Amino acid sequence: MLILKEARGNGQQKDGVGEVVASILDHVKQEGDRALFDLTRRYDGVELTGLRVQREEIDRAYGLVERETIKHLQFAAAQIRNFALHQLNCLQDMQINPMPGVVLGHRLVPVSSCGAYVPAGRYPLPSSALMSIIPAKVAGVKRIAACSPPNKEYGGIHPAVLVAMDMAGADEIYCMGGAQAIGAFAYGTGTVPRVDLIVGPGNRYVTEAKKQLTGMVGIDLLAGPSEVLIIADETATPRYVAVDLLAKCEHDPASIAILVTTSRALAEAVQDYIAAELENLETAPLARKTWAENGQIILAKTLEEAVEIANSIAPEHLQLQTKCNEDLVEKLHNYGSLFIGHYAPVAFGDYVSGPNHILPTMGCARFAGGVWVGTFIKVLSYQKVNKEGAAALANTCSYLAGLEGLAAHRRSADIRK
């Protein structure tokens, strides 16, 4: 392994985020709605007149959004919904009779409520609304509350985001963002009822809030800076690879973009194409800085070594652009989402292919997957035992309870013999 381009930074930022978030959460816990109005004024620069978005405002948003936008949102929503439905069809209740008088099983039960956080940025992010709300709807969550920070231009949630939230099936929509929104969903306020589960990506403050509230409320995952790792050989198209790397770099100054290749010629060509693309790219200032700071090119001796590197990094997004993609798939087991082939860029997964784009980062793909319909479903086990079954189980139960020194447990089994 040879590093041809090394990252200057580590993509992480260390500061007093934890203390700031703790203060925000305490403010929301103590003051409720009043804190949300205060923090929105302070951090978003918007004076809200209400927190819950009314139906009239949602209907008005449809009139402010171009028909072309609505058409493409509908296409993306259909793709995401279709994939989630197929995932749901893979799940089923189960029941077995391992011995006479004993029935064991599990039931699949959706959480009662969830909060979908939709971030705001330089541009509206309606895709995040679709990705966080649609699988919850497919899973059968009865109450889906969505939120997003206000847009200064509109004085509320961006119309395209409102349309996407409504299209996806949100039951309630709130104009709030940041750590304070996570706190509102977790604690509940006068206007915002608490939820059982919070999903959706966000900035460092949102992620820190989810971290601090874990246990009080369910969360999907703790998302860090976005990542891509591309495994490519001499058959890859350098321009495709270059643009795919830049697509990740334009996300955020802390995003991470890595190319692992067996071809030095490809690596050099990719760097040339990156320089050329940056000449005319609208997001060049950010993409250039991110590539310089967090971009990396690694020359692997073999594709097997490239696979080992990918598995050790466990990237959020993993792309394969080689002559033997299918052979590599079975050897790869640590990634958030996999993109196979020269014509499968991460951008498709971000918007329209169907699988969810809310994925584990920072190496968490070693032990966790991304958001899917199962994120919103609890697997609840049960056991039904009659007198005959109790007779078969009681002796071993009694013995093990005694071994562990739990007298009442032992007695509970013995009296059922």
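Using the three backbone atoms N, Cα and C, a Cβ is placed for every residue, glycine included.
A quick note: this is a predicted structure, and the numbers were derived from the prediction, not measured.
Here's what TrEMBL has on this protein:
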| type | residues | note |
| --- | --- | --- |
| BINDING | Tyr117, Gln180, Asn203 | NAD(+) binding site |
| ACT_SITE | Glu316 | active site, proton acceptor |
| ACT_SITE | His317 | active site, proton acceptor |
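Sequence features, as recorded in TrEMBL, placed on the structure.
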| residue | record | Cβ contacts under 8 Å, 6 or more apart |
| --- | --- | --- |
| Tyr117 | NAD(+) binding site | Ser132, Ala146, Cys147, Ser148, Gly177, Ala181, Ile182, Phe185, Ile198, Val199, Gly200, Pro201, Gly202, Val206 |
| Gln180 | NAD(+) binding site | Ile24, Leu25, His27, Val28, Ala35, Leu36, Leu39, Thr40, Tyr43 |
| Asn203 | NAD(+) binding site | Pro119, Gly178 |
| Glu316 | active site, proton acceptor | Ser226, Glu227, Val228, Tyr335, Gly336, Ser337, Leu359, Pro360, Thr361, Ala365 |
| His317 | active site, proton acceptor | Ser226, Glu227, Val228, Leu229, Lys248, Tyr335, Gly336, Ser337, Phe339, Val346, Gly349, Leu359 |
Exercise. Can you see whether DSSP assigns Gln180 (NAD(+) binding site) to helix, strand or coil?
Key: helix
Quiz item: Should His317 (active site, proton acceptor) be counted as helix, strand, or coil on the basis of DSSP?
Solution: strand
Quiz item: When you average the Cβ positions of Tyr117, Gln180, Asn203 for the NAD(+) site, which other residues in that chain have a Cβ within 8 Å of that mean position?
Solution: Pro119, Pro149, Gly177, Gly178, Ala179, Ala181, Ile182, Gly202, Tyr205, Val206, Ala209
Quiz prompt | Mapped DSSP class for Asn203 (NAD(+) binding site), helix or strand or coil | solution = coil
